[in-house]
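Here the structure is laid out as structure tokens; the discussion comes afterwards.
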Amino acid sequence: MLNVRFGCSGCAFRTAAMKHCFYNETVGFFYNNSRKELTTYWRTKDVLVVALGLTVSVIVLLTNLLVITAIVINRRFHYPIYYLLGNLAAADLFAGIAYMFLMFHTGPRTAELSLKTWFIRQSLLDTSLTASVVNLLAIAVERHQTVFTMQLHSKMSNQRVMILIFCIWVTALLLGLIPSYGWHCLCALEKCSSMAPLYSRSYLTFWAISNLVIFLIMVVVYTHIFIYVKRKMTRMSKHTSFHPRYKETMISLVKTVTIILSAFVICWTPGQVVLLLDGLGCKSCNVLAVEKYVLLLAEINSLINAIVYSYRDNEMRSTFRRILCFICYRNSRYTPTVVKLNTTDRRTLSQNGHFTVDSSI
């Protein structure tokens with residue numbers, strides 16, 4: 001009889017716990033619970049944030065679409081590093097779309113959202129930003145491998161690159177969709193975060209720490225590359241056979257590594273720290289005051305990625321010009337001229353017939 005009574009007590013406890021889930025409540029209910037302001041009218045600050053956000057989103061979409069087009073049409077970019085760059089551009093393109101979706105469903109419109117739409121809005125952002133960060137890590141590891149083996153392109157097969165890209169998106173989807181499928185606070189209001197009132201604080205802590213770990217690995221990888229290149233330049237400069245072209249390439253690589261780390265630290269660190277503080281339940285931290293700005297800063301990194309990883313490549317810039325000129329000529333009803341390889345380009349063809357660009361990425 002004792003066991004039966006305990007069993008019934010357990011059933012009653014589970015039934016009571018289920019009654020505390022708030023699946024039928026509005027978004028406003030959870031915002032009030034987290035004490036996050038939910039306006040019913042457009043303030044000047046809201047208009048400015050949306051206008052700036054949409055502007056950034058459009059630029060992100062256009063620049064990354066240009067990168068993807070260049071990689072697709074130029075067979076000289078059909079190498080592992082460029083496939084990863086193309087995937088990074090796709091992730092950042094997705095981030096631009098997700099951020100644009102957020103801008104159309106923010107401000108006073110937030111109160112009109114259903115719980116499902118709210119979760120979709122947040123999942124799009126989480127998935128796209130996670131894909132971008134993980135892709136940056138994959139590029140860092142690939143660059144580390146090629147630099148230390150003195151190769152221009154990785155020997156990784158196309159099949160392995162496709163598997164890696166698939167794994168990147170699976171990881172991003174899992175992290176982005178986890179809150180929608182259970183890691184939320186709809187049944188535990190005391191665990192709701194301030195920045196994302198339907199998300200559990202433990203999820204924000206997990207997401208922030210995961211990204212900070214990836215960030216730390218990237219810093220270690222690129223710092224190792226930086227030190228290696230500096231030492232290599234010092235040793236090579238002592239030899240009379242040291243080619244100026246090689247020195248120029250090495251200096252360009254050092255500059256690129258510096259820009260990558262600086263951009264990543266500036267754009268990502270503030271957001272991750274704010275998320276971590278919110279996840280840890282910091283009462284004295286006014287995370288809501290900077291929430292929109294740190295998110296916009298992270299989105300700007302999607303624009304910087306396209307500039308740093310692609311625009312610093314001479315062949316990539318040349319392809320961009322051909323694409324833009326083709327569009328201009330087509331709009332003005334001119335036939336685009338066929339671009340031929342000049343003597344400089346011909347000299348950059350290696351013995352196996354592959355184009356070996358002096359890439360600084």
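Backbone N, Cα and C atoms are what each Cβ position is placed from, and that goes for glycine too.
Keep in mind that TrEMBL annotations are predicted by a computer and have not been checked by a curator.
Annotated features, as they stand in TrEMBL:
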type	residues	note
TRANSMEM	47-74	transmembrane segment
DOMAIN	63-309	domain 'G-protein coupled receptors family 1 profile'
TRANSMEM	81-104	transmembrane segment
TRANSMEM	124-141	transmembrane segment
TRANSMEM	161-183	transmembrane segment
TRANSMEM	203-229	transmembrane segment
TRANSMEM	250-273	transmembrane segment
TRANSMEM	293-311	transmembrane segment
Using Cβ atoms and a strict cutoff of less than 8 Å, what residues sit near the transmembrane segment (81-104) while being 6 or more residues removed from its termini?
50, 53-54, 56-58, 60-61, 64-65, 67-68, 71-72, 121, 124-125, 127-129, 131-132, 135-136, 138-139, 142-143, 146, 153-154, 158, 161-162, 164-165, 168, 172, 295, 299, 302-303, 305-306, 309-310, 359, 361
Near the transmembrane segment (47-74), which residues from the same chain, at least 6 beyond its ends, have a CB less than 8 A from one of its CBs?
82-83, 85-86, 89-90, 92-93, 95-97, 99-100, 102-103, 106-107, 292, 296, 299-300, 302-303, 305-307, 310, 315-316, 319-320, 323
Touch test for the transmembrane segment (203-229) and the transmembrane segment (293-311), at least 3 Cβ pairs under 8 Å:
no
